[in-house]
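Taken from TrEMBL, the feature domain '2Fe-2S ferredoxin-type' covers 1-75. Taken from TrEMBL, the feature [2Fe-2S] cluster 1 binding site covers Cys27, Cys32, Cys35, Cys57. According to TrEMBL, the [2Fe-2S] cluster 2 binding site annotation covers Cys97, Cys100, Cys132, Cys134. If you look up TrEMBL, you'll see 218-403 marked as domain 'FAD-binding PCMH-type'. If you look up TrEMBL, you'll see Leu246, Val247, Leu248, Gly249, Asn250, Thr251, Ser252, Val253, Asp349, Arg411 marked as FAD binding site. For Gln775, Phe806, Arg920, Gly1087, the entry in TrEMBL reads Mo-molybdopterin binding site. Annotation comment: TrEMBL describes Phe922 as substrate binding site. Residues or ranges marked as active site, proton acceptor in TrEMBL: Glu1269.
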Amino acid sequence: ERQADPEELLLFYLRKRLRLSGTKYGCGVGGCGACTVMISTYDPVAKQIRHHPANSCLLPICSLHGAAVTTVEGVGSTKTRIHPIQERLAKCHGSQCGFCTPGMVMSIYALLRSHLEPSMEQIISALDGNLCRCTGYRPIIDSYTSFAGEPKCCQLRGTEKCCLDQEEHMCSSSTGGQIRSGLCSPEEFQPMDPTQEFIFPPELIRMAQEQQRTTLIFHGKRTTWISPPGLKELLELKAKYPKASLVLGNTSVGLNKNVNVVHHPLILHPVRIPEMHVVSSTNNGLVIGAACRLAQLRDTLMETIPKVPEEKTKIFQALLQQLRTLAGEQIRSMASLGGHIVSRGSTWDLNPILSVGKSVLNLASEDGKRQILLNDQFLAGCEHADIKPNEVIVSVLIPYSKKDDFISAFRQAERRKNALSIVNSGMRVIFSPGTDTIVDLSILYGGIGSTTVSARKSCEKLIGRQWNDQLLSEACKLVLEEISLSTSALGGKVEYRRTLLVSFLFRFYLEVLNGLHWMVSTGQALHTHSSIQAYPFRYAELSEEQKSALGVLQSGVPRGLQVYQDVDPGQSSQDPVGRPIMHQSGIKHATGEAVYIDDIRPVDGELSLAVVTSIKAHANIISIDASEALQVPGVVDVVTARDVPGENGNDEQAFAEDKVICVGQIICAVVAESVTQAKQGAEKVKIVYEDLEPILTIEVTIHLFLLDSIKHNSYITEERKIEKGDIEKGFKSADEIIEGELHIGGQEHFYLETNSVLVIPRMEDKEMDVYVSTQHATDVQELVASALNLQSNKIMCHMKHVGGAFGGKITKPSFFAVIAAVAANKTGRPVRFVLERNMDMLITGGRHPFFGKYKVGFMNDGRIIAADFQCYINGGCTKDESELVIEYIVLKVDNAYNIPNLRVRGHACKTNLPSNTAFRGFGFPQAGLFEETCIVAVATRTGLPHEKVRELNMYKGINLTAFKEEFDAENLWKCWEECLDKSEYYSRKATVEEFNKKSYWKKKGIAIIPMKFSVGFNATYYHQAGALVHIYIDGSVLVTHGGIELGQGIHTKMLQIASRELKIPLSYIHFCETSTTTVPNGKYTAGSVGTEINARAVQDACQILWKRLDPIRSKNPNGKWKDWISEAHKQSISLSATGYFKGYVTNMNWDTKKGHAFPYFLFGVACSEVEIDCLTGDHKNIRTDIVMDACFSINPAIDIGQIEGAFIQGVGLYTLEEIYFSPEGEQLTLGPDTYKIPAICDIPEKFHVYLLPNSRNSVAIYSSKGMGEAGLFLGSSVFFAMRDAVAAAREERGLPLDFTLNSPLTVERIRMACADDFTEMIPKDKPGTSKPWAIDIH
């Protein structure tokens, strides 16, 4: 690239310039891994080629001069060869929507290029920086386990046993096929062959050698990039341009630029300076060059620690501990040690350790060299201790520790890996030789202020003191006095962060005591005459209680087991139904060849669109001034509500007109020749507002200055109500009554592909092609037609692949399509509108926050005989799907329990927040958690085991729901008993209780949760579906239908069904795309029934065609398929058929409160075991067993994938994912840096899924059941296992057991619920006395 622009990032260069669309945009901040590529460089000094993964969304192309970049297209493709990495991922069912898959492939590819036989730890570490919202990660890990260099037997089969033990898992079933385990066959995989990989280009080696002494300069429109060849040249440039930024990995400067639109006129890139890459060992310690990458530092420390006496490695071990969890492998491979130090982020994990370790910065400038301590004053930015503007860090000396040193590192984050610390710390104490008298003490914390802070004054007061309990008590008091945290502190969690200050200090105190005991017991220490007799007494071994506080929770390598019933032995081998067939796009996902909306090549004349959104939650729009925007070069036009020829949306406006009703509401759009120009134009639009009072919360609890929906009677719909039995009589006859409430936070969909639309006007008849990432093509078609004042037959919608949706792409994409279509109509040119991650999260809304009140009457034996539930959801500013969601909450809140006297009332609250919408589970995850909370409350009050109270109240046999729908609970009990057995629940519960007796600071918990999940919708017309099947003369078949591929494998199952019905191999059948031109009036693909209703339509079309072929087959029964088709064509028999399914008959009458609301129910049970750290709130998922009533699975691999993926999404909802809003109604969690979905570190170490055998469903096609959503609620088993662990901690501490834990049960809530001396000693803020950083909206 001869005209490289320093501001151009590799991701957009690859996608827009080179048209390499396999590398995906997922977040733009290096947090999701979708954009991962491999960077290869040649070191002319070491004469080595190095490979590492990198986030292309952060990499300026200028930083890659002389490097080779490998994208997923270079790894393998269907046009050349499929690489073993790609093949194994696809065949092990490691992709669903496929959007994250190229990034997964590249992370492992980069690892294997450096380590041909990596350890499992390296494989897991390589995937730290990659997020997947669909699969639950288990199949991804399984697919890559086969590359590990350690013994693994048949791990891929998920049995955790050798293939010789396989017979155990192949027992015959009483009916149907055998019970199988494992979903793929490792023996079929092609082997790795390193000789087939691309070599590093020799011309780059020559270039690196020839250009060693050449200064490289790249001039952009706004920025100049200079890469000096040596230290001398760098120092000259720094003297001339002291304000110039030094950039190596661009993980800090680049992130600020992407998020905060920071501009740097001059950037220096010191990547080729040998002195800054030095790694050497001296008498004093390790010298690490400032340009050394963090991954290289980690590897260096791992090599060094075993070779050096242990007493010298304490700082190294503390650094290594932090490096294992810091960021993801891509960031670790890009970020430099010098950049980490000098950027001085408050939450950077290494700086406190380097500081307490008394590391030395070797600085250089034209004035010469000097050394400064990397101490607390440097980290605080004190001028006298800082780097001068003309200086650079050349290297860092990390000293050896000494025998009398004790150094510890601490961190706690929302997620164990690839998450910024909430609080981190480095602590060090040095004793006078042979004593426990403190000579030096250093305590530093990150995450408390804008920079790393030091408890310097506290430490000074403690010097000379002895290391005992009295010191601990005083140290805690001093630290809390010295280090304060405002109630309004950025990031919130104020009391939790205060608690971590002293929790970390307590753990350090014990670690030092333990170290002193070890030194004495091994005879290593303390030899002065004054202490000889005291040591054995004073440093006795720690008590079991104290020992339980040591160490952090460590997760092992996740292992999975999948058990399902094989097809009947008599089934034709050609018939694919019931078999674990690979996703039909799996290979294309892995090679990056699957085309998503933004992968479609640019169309001639195409414009890019950016929107201007409201910064007010509730205000009148006084004026919109777009004059400055129109002056921006490249801006073509600004589009507002006035430009809409027809209807401006429906219940929700596409463009705000006179008023805005939430932060993030779209007001206008700017179209320009490029995305950058459109964004620049959007920034120039000026809007004048007149503020109105907003309503933000369901119910005000703490934040007294906010308006709440209940108080102001602000509701979207009328109350929904169901009653059963005589509730008043029930309460009167109850032995006891309890009341309580529960709050459940919302959830972001975080589909990996953000909302995207491409609108192409046709040349005639005002027709438009709309390529859109949606679950509801008909709605897009209708809204666009209505907005343009056209008939729907002029709007053609196309969907091929959708990169995840989970309900979030039912209603919202229609409005984005309207905006793009109105812009295209106004300009007469194609318009592409792809939301950036932060904008997508700001605008779209998510799962409804929930608030519930319960009153439950029960008998002393645990039987619940009456319950009164009031349920509220925060619907946001428009109706959207809120009416249906609250209806489903009311209908489903009983879950698996038969309560004879029940009243449920539901309200959807209207607030000035972005409108919340459909989300996987559609109200049931909130309702189910609410119901289970009541069960736990009853079990706690009666003192009965939770599982016994559940059993006592579960539906039995044939029953009626509260709305009088009949169902049979037989499979509920089968799942329950099977899960109790498979999970070894009772024996493990006893083991958990035994563990908890011995461990004070770490507790385990176990819970088993049943589920009755209603599939589908409560109106017949939602279940209708259409299909179109063509047979061509050559015998090939084209199948189209109204369902949309979201990652749930709908097209794969349709091909399986067509194969069975037409009795032809899968290879004959193709699916092209979902389009309103082929199948009209499709309902949305949702509610777990998308596959089965479209399957009925495909089946109908195929059966019509098969019947038409009857005369041909009867004349030539031994003929081949192609012969039959050829003859049919000659006889003028139509080889095209439309299939239609009218839908399941369902209804719900809210006046009579009766109905057959759902087509059928499915049942499931999950048992989960966890361990929590009571000092920090950290937790790990030890094991989960799920038994699911899938009946006859059309594709076990896809169904198990849906169960696992939904379960992990549920774990996110209930334990991890937290949305924050400011008091002004602005969402604060707008990307993977602030909003944490589950990562690979969050899945259970043992993850077992069993499909209940010998079960049938008379309602759905082939006796199957819809698996798309049900697994999500089972994630609550982790929530209740955590609650069980918290209860164990509270019981031991003498605290009340009738406590409520709100969702999500984050590290903060766990820690604060395990109240102790440390939570008591922290300063408490009086509620409502100051403005908090964030508010509760539930």
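Here, residue 1 is simply the first one shown, and the rest follow in order.
Using N, Cα and C of the backbone, Cβ positions are placed for all residues, glycine too.
Curation does not apply to TrEMBL; its annotations are automatic.
Annotated features taken from TrEMBL, shown on the structure.
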{"residue": "Cys27", "record": "[2Fe-2S] cluster 1 binding site", "CB count, 10 Å": "27"}
{"residue": "Cys35", "record": "[2Fe-2S] cluster 1 binding site", "CB count, 10 Å": "29"}
{"residue": "Cys57", "record": "[2Fe-2S] cluster 1 binding site", "CB count, 10 Å": "28"}
{"residue": "Cys100", "record": "[2Fe-2S] cluster 2 binding site", "CB count, 10 Å": "30"}
{"residue": "Cys132", "record": "[2Fe-2S] cluster 2 binding site", "CB count, 10 Å": "31"}
{"residue": "Cys134", "record": "[2Fe-2S] cluster 2 binding site", "CB count, 10 Å": "29"}
{"residue": "Leu248", "record": "FAD binding site", "CB count, 10 Å": "23"}
{"residue": "Asn250", "record": "FAD binding site", "CB count, 10 Å": "28"}
{"residue": "Gln775", "record": "Mo-molybdopterin binding site", "CB count, 10 Å": "26"}
{"residue": "Phe922", "record": "substrate binding site", "CB count, 10 Å": "26"}
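By neighbour count, meaning other C-beta atoms within 10 Å, the densest spot among the binding-site residues Cys32, Cys97, Leu246 is Cys32.
When DSSP labels each residue, the domain '2Fe-2S ferredoxin-type' (1-75) comes out as 16 helix, 21 strand, 38 coil, counted as helix, strand and coil in that order. For the recorded positions shown (Ser252, Phe806, Arg920, Gly1087, Glu1269), fewest C-beta neighbours within 10 angstroms: Ser252. Residue environment of Asp349 (FAD binding site) contains 26 other Cβ atoms, counted within 10 Å of its Cβ in all protein chains. Here Cys32 ([2Fe-2S] cluster 1 binding site) is positioned 8 angstrom away from Cys132 ([2Fe-2S] cluster 2 binding site), judged by their C-alpha atoms. Taking Cys35 ([2Fe-2S] cluster 1 binding site) as the reference point, the binding-site residues whose C-alpha atoms are within 10 Å of its C-alpha, out of Cys97, Cys100, Gln775, Phe922, Gly1087, are Cys100. Rounded to the nearest whole angstrom, the C-alpha distance between Asp349 (FAD binding site) and Glu1269 (active site, proton acceptor) is 38.
When the recorded positions Cys97, Cys134, Leu248, Asn250, Glu1269 are screened for a C-alpha within 10 angstroms of the C-alpha of Phe806 (Mo-molybdopterin binding site), the residues that qualify, in sequence order, are Cys134, Glu1269.
The record assigns Gln775, Phe806, Arg920, Gly1087 to the Mo-molybdopterin site; their largest pairwise CA distance measures 12 Å. Of all the binding-site residues listed here (Cys32, Cys57, Leu248, Asn250), Cys32 has the Cα closest to the Cα of Cys100 ([2Fe-2S] cluster 2 binding site). Closest to Cys134 ([2Fe-2S] cluster 2 binding site) by Cα-Cα distance, out of the binding-site residues Cys57, Leu248, Ser252, Arg920, is Arg920. Other than the site residues Cys97, Cys100, Cys132, Cys134, same-chain residues with C-beta atoms no more than 8 angstroms from the centre of those residues' C-beta atoms, the [2Fe-2S] cluster 2 site, are Ser95, Gln96, Gly98, Phe99, Thr101, Arg133, Thr135, Leu752, Gly803, Gly804, Gly1047, Gly1205. Comparing Cys27 ([2Fe-2S] cluster 1 binding site) with Ser252 (FAD binding site), their Cα atoms are 15 Å apart once rounded.
Cβ atoms within 8 Å of the centroid of the Cβ atoms of Cys27, Cys32, Cys35, Cys57 (the [2Fe-2S] cluster 1 site) belong to the same-chain residues Leu11, Lys24, Tyr25, Gly26, Gly28, Val29, Gly30, Gly31, Gly33, Ala34, Asn55, Arg837, Pro1232, site residues excluded.
Among the binding-site residues Cys32, Gln775, Arg920, Gly1087, the ones whose Cα is located within 10 Å of the Cα of Glu1269 (active site, proton acceptor) are Arg920, Gly1087. A mean pLDDT of 92 is what the model gives for the domain 'FAD-binding PCMH-type' (218-403). On the backbone, the CA of Leu248 (FAD binding site) and the CA of Gly1087 (Mo-molybdopterin binding site) stand 48 Å apart. Cys97 ([2Fe-2S] cluster 2 binding site) sits 13 Å from Gln775 (Mo-molybdopterin binding site), taking the C-alpha atoms as the reference points.
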